[in-house]
Amino acid sequence: MKLVVVGAAGRMGRTLIRIVAETPGMVLTGAVEREGAAEIGADAGLLAGLEANDVKVTDDPLPAFAKADGVLDFTSPAATLQFSELAAQARIVHVIGTTGIGPEEETRIEAAARHAPVIKSGNMSLGVNLLAVLVREAAKALDDDFDIEVLEMHHRHKVDAPSGTALLLGQAAAEGRGIDLAQHSVRVRDGHTGARERGDIGFATLRGGSVIGEHSVVLAGEGEVIELTHKAGDRTIFARGAAKAALWGRAKKPGLYSMADVLGLNKEQDR
Ligand SMILES: NC(=O)C1=CN([C@@H]2O[C@H](COP(=O)(O)OP(=O)(O)OC[C@H]3O[C@@H](n4cnc5c(N)ncnc54)[C@H](OP(=O)(O)O)[C@@H]3O)[C@@H](O)[C@H]2O)C=CC1
Ligand SMILES: O=C(O)C1=N[C@H](C(=O)O)C[C@H](O)C1
């Protein structure tokens, strides 16, 4: 499978280039960065700490997409929107790891997914997607005597909050409870907030240092607290998930899919 990595010079972009190089059945055919980026023209292999691979970083996605089967995209919401339209035109698989995507952009990505397979998830790791299944089950088993709070910590460079993973876990909890997350989520608390509303799902965000990504869902009842936690030790867990998603998506019809679809976890949930 011929793949393009967009945002090639980023933290995830460099990790993805390494994972593509070591994944059987995959080859890197394009590496795209933002216009004016210092890495334009650089060898993508060297950029990722590998041997030179003769793929030069470009700021022109169109020719790269035209000769590829898929694109791995961990960039920014604006860039992802642009790439989703180009991937749809080229009819190639678009794997989206970018977080912080708003409702308007979401609608346009759904439109692009009518023309090509799109796999999108706030977290591409096996562990977090399994955690979401556990959270859904826990929220279903316990009534709203148990207050649900989602905690996350990430490195100091992260620009969006709550994290895509925190929102994914909050959504799983809301589904387990049979409620609409938008109606019950509390994203900020400051000053005299009043007592906690029964049934709310709270979010708390920490930023600092080089933390790759840590998430906990806390279910707090009278006299007992349950904590479900995932800690990412390495960005390769996300990149391996993205590579798996691309290979899976190649055989799929156009549509918007999740990492739970790729991992077969939605079937478990439907049983
Ligand atoms: N779903 C998941 O499993 C995961 C998701 N993420 C998400 O992935 C995204 C990227 O994270 P991370 O790698 O840490 O961020 P980085 O800032 O390190 O990387 C993003 C890269 O994309 C580049 N970029 C931005 N706009 C464009 C464009 N128009 N064309 C080409 N390249 C562009 C950036 O360039 P510049 O610096 O010049 O802006 C940068 O090099 C975030 O949204 C993050 O939350 C991260 C890890 C896992
Ligand atoms: O920005 C990051 O780094 C990460 N972003 C994703 C998120 O928003 O949840 C996934 C992972 O936690 C790392």
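Any Cβ shown, glycine's included, is placed from N, Cα and C.
Copied over from TrEMBL:
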| type | residues | note |
| --- | --- | --- |
| ACT_SITE | His154 | active site, proton donor/acceptor |
| ACT_SITE | Lys158 | active site, proton donor |
| BINDING | Gly7, Ala8, Ala9, Gly10, Arg11, Met12, Glu51, Gly97, Thr98, Thr99, Ser121, Gly122, Asn123, Met124 | NAD(+) binding site |
| BINDING | His155, Gly164, Thr165 | (S)-2,3,4,5-tetrahydrodipicolinate binding site |
| DOMAIN | 1-124 | domain 'Dihydrodipicolinate reductase N-terminal' |
| DOMAIN | 127-263 | domain 'Dihydrodipicolinate reductase C-terminal' |
Pairwise CA distance, Asn123 (NAD(+) binding site) versus the residue listed as 'active site, proton donor/acceptor', rounded so that it is a whole Å: 13
Residue pair Thr98 (NAD(+) binding site), His154 (active site, proton donor/acceptor) - Cα distance, angstrom, rounded: 15
Contacting recorded positions, sequence order - Gly7, Arg11, His154, His155 vs ligand 1, Cβ under 6 Å: Gly7, Arg11
Whole-number Å value for how far the residue listed as 'active site, proton donor/acceptor' lies from Gly164 ((S)-2,3,4,5-tetrahydrodipicolinate binding site) (Cα to Cα): 11
DSSP-derived helix, strand and coil totals, residue by residue, for the domain 'Dihydrodipicolinate reductase C-terminal' (127-263): 52 helix, 36 strand, 49 coil
Spatially closest candidate among His154, His155, Lys158, Thr165, the listed recorded positions, to Gly7 (NAD(+) binding site) (Cα to Cα): Lys158
Of Arg11, Ser121, Asn123, Lys158, Gly164, Thr165, recorded positions neighbouring ligand 2, Cβ under 6 A: Asn123, Lys158, Gly164, Thr165
Spatial neighbours of Arg11 (NAD(+) binding site) that are distant in sequence (at least 6 apart) but have CB under 8 A: His157, Arg235
Cβ-centroid neighbourhood (8 Å) of the (S)-2,3,4,5-tetrahydrodipicolinate site, His155, Gly164, Thr165 excluded: Thr99, Gly122, Asn123, Glu152, His154, Lys158, Asp160, Ser163, Ala166, Gly213, His215
C-alpha spacing of Thr165 ((S)-2,3,4,5-tetrahydrodipicolinate binding site) relative to Ser121 (NAD(+) binding site), in angstrom: 8
